[in-house]
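*Asks:* What TrEMBL records for 1-21 is region 'Disordered'. Per TrEMBL, transmembrane segment is recorded for 26-49, 71-90, 110-131, 151-169.
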Amino acid sequence: MPDPHTDGGSAATSPRRHAPTSRRTIRLSFLVAAVLGTLHAIPSFYWALGGERLLPLVGQWAVDAVRQGDTSWTLLLLATGVLKLAAAWVPMLAEEGGLPWPKLWRATSWVGAVGLILYGGADIVAGGLVLMGVLDVEVSDRTGLLGHTLLWGPHFMLWGLALLGALVLSRRGPGASSR
């Protein structure tokens with residue numbers, strides 16, 4: 001009986017063919033990545049305005065900096081928020097044809113996705129090893145360590161995985177025209 005997943009030939013001579021991913025699925029995947037990035041940007045703006053919720057999960061140094069009300073700290077947080085928003089939405093805008101130089105933005109998005117995954121993964125692994133006692137280091141800020149290990153690292157990693165998934169789903173085959 002022929003395999004329904006092939007054109008009747010053997011598995012060795014007839015590879016599976018996958019249906020192209022729908023534009024709706026691709027759009028949704030980029031939207032998920034953009035929302036995750038936006039959720040990462042919001043606290044930066046909140047902290048720049050003097051808010052302190054979740055800030056101890058970044059580290060006591062961050063709490064101290066916000067409480068001092070230093071203008072340079074405020075500007076750094078605002079710039080960080082803007083950068084995160086750009087990183088969140090540029091991939092989707094480039095995919096939809098809303099930005100010039102789509103190949104540049106796509107390549108940048110690939111680098112960004114891998115960077116987010118590696119950074120988040122490093123936070124999770126290093127923090128986890130310290131929390132489990134595998135790495136014997138003095139921890140002066142356990143709350144900050146927990147925040148990076150259990151919140152910020154996983155969020156960076158999820159954002160990167162979502163973006164990577166969107167980029168993979170939207171890949172064009174050889175000779176395909178750009179959208």
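Backbone N, Cα and C define each Cβ position, glycine as well.
Remember, TrEMBL labels are computer predictions, not curated facts.
Note that this is a predicted model, so its numbers are computed, not measured.
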*Asks:* Which of 26-49, 71-90, 151-169 has the most Cβ pairs closer than 8 Å to the transmembrane segment (110-131)?
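*Replies:* Top-ranked stretch among 26-49, 71-90, 151-169: 151-169.
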*Asks:* Near the transmembrane segment (26-49), which residues from the same chain, at least 6 beyond its ends, have a CB less than 8 A from one of its CBs?
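*Replies:* Sequence-distant neighbours of the transmembrane segment (26-49): 55, 62, 66, 74-75, 77-78, 80-82, 84-85, 87-89, 91-92, 95-96, 155-156, 158-159, 162-163, 165-166, 169-170.
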*Asks:* Which sequence positions outside the transmembrane segment (151-169), separated from its termini by at least 6 residues, show Cβ-Cβ distances below 8 Å to it?
*Replies:* 21, 25-26, 29-30, 32-33, 36-37, 39-40, 54, 57-58, 88, 91-92, 95, 106, 109-110, 112-124, 127
*Asks:* Taking a Cβ cut-off under 8 Å, which residues six or more beyond the ends of the transmembrane segment (71-90) line up next to it in the same chain?
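*Replies:* Beyond its ends, the transmembrane segment (71-90) has Cβ neighbours at 33-38, 40-42, 44-45, 47-48, 65, 99, 105, 108-109, 112, 159.
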